[in-house]
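Engineer: First the structure, which I've put down as structure tokens, then a few questions once you've had a look.
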């Protein structure tokens, strides 16, 4: 394409030329696709997407613009989330009462490279059939693109296997969170100072809406990073512990934080694990994790609650999964993906533990699993009553 100002190069040498948007430059990452129709701002600011390039299957991106409220990173350290965004059509002009910024301008300000004019259906099919490749994306406004160099960059990148990316996006210093869920009439609610519970959130790249859901469930959250010791966490005297979401290979993060997680599990305190936190809990309980071929990324994934038989439509964003064949005695699957049968939740006999692979906080996505935060509050209430 002679007029191309952007391109995507895969590690196998395949090149997709198109039109650059957002930030100029070159970045490498793992290419995945996301099937959500809306919520692109939340997706691209989710720290779980660190070192990834997101291909949107929905063709029109940008129609609700961007704003200062719908970002999901909780700290400055977590701002380096997705590196690139690929879409079929040029960025759509914003038309939404909450929009304060054009999406292309927002991409540039965030340092995210955009690429349009791509056959996203063909690229999505390729990922489904061959898995998530290493890739390089570029935006060159002058059109001077070295395609061979892009391919070499993609091939030489280390990839996500063995990468402890949670250590990149978690915050350095502890902080308190009291902001609740957003309401159309009042904006974000503020949790009362006399919140019923105090929760310690272990930050591996925590999404802001997890913290908001905790606040709305009556919990004041103290957020600490994954390098703290179990003794430091227990010194906070929490009523419960949350192992948060995050990016990268769970086995690599477990090498750094595993002993802390095992000790906290042994403490008997109520625990909620989400996404990477769920995988880390699985490792702490004796299971193993494995890399997925194309992962789960979207806001329309059906999972089944194996205890009730209820089917929930949930948001998912992960490229690794707990291997259910490695679960030790006393640990059972609680939820399962109805797309491919992979694990989406764990339950532990005799312990107040809720652990799910999907994102009950949504943002973006359906609210079918919001009840898990209320259930977690119930576990803390029961534990306190002992």
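Heads up, residue numbers simply count up from 1 along the chain you see.
In case you wondered, yes, glycine gets a Cβ from its N, Cα and C as well.
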Engineer: Taking Swiss-Prot at its word that 246, 248, 276, 279, 317, 319, 320 bind L-glutamine, choose the one of 3, 48 listed for that site.
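Structural biologist: The one candidate that Swiss-Prot places in that L-glutamine site: 48.
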Engineer: Taking the residues 48, 246, 248, 276, 279, 317, 319, 320 listed for L-glutamine, what is the greatest CA to CA distance in Å, to the nearest whole number?
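Structural biologist: The L-glutamine-binding residues span at most 13 Å between Cα atoms.
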Engineer: Mean pLDDT across the domain 'Glutamine amidotransferase type-1' (198-386), rounded to an integer, is what?
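Structural biologist: Mean pLDDT, the domain 'Glutamine amidotransferase type-1' (198-386): 96.
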Engineer: Can you give me the Cα-Cα distance between residue 317 (L-glutamine binding site) and residue 275 (active site, nucleophile) in Å, rounded to a whole number?
Structural biologist: 8
Engineer: Sequence order is fine: just name those binding-site residues in 48, 246, 248, 319, 320 with a Cα within 10 angstroms of residue 359 (active site).
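Structural biologist: Taking 48, 246, 248, 319, 320 one by one, none has a Cα falling within 10 Å of residue 359 (active site).
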